[in-house]
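Student: According to TrEMBL, the record shows the following:
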type     : residues                                                     : note
BINDING  : 17-22, ASP42, ARG47, 95-99, 137-138, GLU172, 279-282, ARG349 : NAD(+) binding site
ACT_SITE : CYS279                                                       : active site, nucleophile
DOMAIN   : 335-464                                                      : domain 'UDP-glucose/GDP-mannose dehydrogenase C-terminal'
Amino acid sequence: MSTDYSNFTVKRIGCIGAGYVGGPTMSMIAKYCPHIDVYIFDLNQTRINAWNSDNLPIYEPGLDEIVQERRGKNLFFTTDYTEAVIKSDVVFLSVNTPTKHYGLGKGRQADLKFIELCARQIRDSVKTGHKIIVEKSTVPIKTAMAVSRILKTSSDSQATFDILSNPEFLAEGTAVKDLENPDRVLIGGENPAAIKILADVYANWVKREQIIQTNLWSSELSKLVANCFLAQRISSINAVSAICEATGANVNEVAHAVGMDKRIGSRFLQASVGFGGSCFQKDILNLTYLAEHYHLKEVADYFYGVISMNDWQKQRFAQKVVHKLFNTVSSKKLSVLGFAFKKDTGDTRESSSIFICSKLVEERAYLNIYDPKVSELQIMDDIMRVMNDAYDGDFSAHLDTTPESEMVRRCVKVIKDPYECVKDTHAVLIMTEWDEFKTYDWKKMYDSMKKPAFLFDGRNILDHSKLEEIGFDVYSIGVAEKNPAQW
Ligand SMILES: NC(=O)c1ccc[n+]([C@@H]2O[C@H](COP(=O)([O-])OP(=O)(O)OC[C@H]3O[C@@H](n4cnc5c(N)ncnc54)[C@H](O)[C@@H]3O)[C@@H](O)[C@H]2O)c1
Ligand SMILES: O=c1ccn([C@@H]2O[C@H](COP(=O)(O)OP(=O)(O)O[C@H]3O[C@H](CO)[C@@H](O)[C@H](O)[C@H]3O)[C@@H](O)[C@H]2O)c(=O)[nH]1
């Protein structure tokens, strides 16, 4: 029987998981709903401390101002479960759902242990009243069913729950903009009254016609499909970039011409060194695993091609660097500009830089790395993890002393000044599309480099003819080489 919501008012919203999604999403609700108290809970005390400090745990343009404005008024970051969850009317689950790195489904399936743990904790701690539980994390279809089953299995509880799916579509680096002005807010659920409660929260700043309602499974699936389609566009244009390099076409011109067709659209057609980030690969793997589970091998293979193309693009870039530097980078010094997976974030998860740097270290190159927002610790940790074939977050003490880690320490330097980073190197590799790279004095950089000075623009963001005038040997994605037969 559906719960009667006529006397249900949302006075407090809780969120489990104070990460890249939980933090910004809840801050936005606090901003536009001053009548609602918003509590964000995390097990990680260091992360909560950072949210309560002047140095937030994530870099996101515009977020500091919102947090500073609302924190302590109606926005609270806490490790107090009672305040954040037990006392809340609506509880968002915004925990990580990484790809499983063990057992059945290893490397493919989404690991739902954090979601399941949240459901069990809620069941065991909430004994009375009614709550709306909102799946904010990206999950496989039918996860809401698992959450619901767990919540219903308490023998000593009067509590009742409605489960909603409300996937998040924000992109890092533009989270504030995306949350303020979303293309759509998607709410999936079985009880229209519960959906209305959540829709009313968003309606404080999002137009009603942009708040769409579906059944639970469509909502869960739509999130995975959206990411597959976005990533597919990047892999498509990257595949085209290889044809351009082989034929003399220019990928920027092709993308422009193709994107002007309104049916295709111009966004997400920027050829690159490959997509990164914590979502695309994970969610495609998640969808292909689901497809296989439903015996839809052709569907799985179709979407898996998006990842294969992305892997090939990264590999192709690393190989080109080696090839153009006279087939060896051994003992050569290369400068890497950009380590984050995209601009305006300090996040490096699945960044193409990690893969390419590790390949170049394997080739015995020395790397100077500069990124405006990523710490030295993070960069070293990421490269060591990949070279040790260790999964995300698994950088335990024993890996610190492996030959691979020793090699990374010997070959990689993280440098805080871009001019120092480039000085005395044989080549510059542009790995992230940071705007500041366009403003550098490239003549000064060129003068400080070894000659011939190479520049590989993995994002096609610089003015290549100007760089060539200065004297650089420039290689970009999807543009044919001027003298392909020569070195
Ligand atoms: N990062 C993005 O841009 C983005 C965008 C849309 C959707 N998503 C999805 O949102 C979800 C969260 O992603 P994220 O990037 O914010 O992850 P994250 O790793 O930054 O944050 C997750 C947080 O959850 C906490 N946590 C895990 N289990 C917990 C528990 N039982 N109790 C309390 N805290 C717990 C972790 O300590 C961590 O701080 C994922 O499913 C992801 O796919 C991410
Ligand atoms: O034309 C493009 C656009 C993007 N990228 C790369 O693709 C990756 C992902 O970029 P983006 O999608 O902007 O950032 P994310 O934060 O990963 O956001 C994606 O993943 C989120 C998590 O699921 C979703 O919520 C967002 O809607 C979806 O865009 C980055 O490495 C970009 O550099 C390209 O190479 N070319």
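Using N, Cα and C of the backbone, Cβ positions are placed for all residues, glycine too.
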Student: Using a 10 Å cut-off, grab the number of neighbouring Cβ atoms around the Cβ of GLU172 (NAD(+) binding site), all chains included.
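Tutor: Around GLU172 (NAD(+) binding site), other Cβ atoms within 10 Å: 24.
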Student: Within a 10 Å radius around the Cβ, which one of these recorded positions has the most neighbouring Cβ atoms: CYS279, GLN281?
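Tutor: Of the recorded positions CYS279, GLN281, the most buried by Cβ count within 10 Å is CYS279.
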Student: Just the binding-site residues from GLY17, TYR20, ASP42, ASN96, THR99 whose C-beta lies under 6 Å from any atom of ligand 2, please, or none if there are none.
Tutor: none
Student: Quick test of your reading of the structure: among the binding-site residues ASP42, THR99, GLU172, whose CB sits under 6 A from ligand 1?
Tutor: ASP42, GLU172
Student: Kindly report the helix/strand/coil residue split of the domain 'UDP-glucose/GDP-mannose dehydrogenase C-terminal' (335-464) according to DSSP, in that order.
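Tutor: For that range the per-state counts are 55 helix, 19 strand, 56 coil.
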Student: Compute the C-alpha separation of CYS279 (active site, nucleophile) from THR99 (NAD(+) binding site), stating it in Å without decimals.
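Tutor: Cα-Cα, rounded: 10 Å.
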Student: Might you list, by sequence position, any residue in that chain lying six or more from THR99 (NAD(+) binding site) with a Cβ less than 8 Å away from its Cβ?
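Tutor: Listed in sequence order, they are GLY107, ARG108, GLN109, ALA110, ASP111, GLN281, LYS282, LEU285, ASN286.
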Student: Return the single residue from the binding-site residues list (ASP42, ASN96) that has the minimum number of other CB atoms within 10 Å.
Tutor: ASN96
Student: For TYR20 (NAD(+) binding site), just count the other CB atoms lying within 10 A of its CB, please.
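Tutor: That number is 23.
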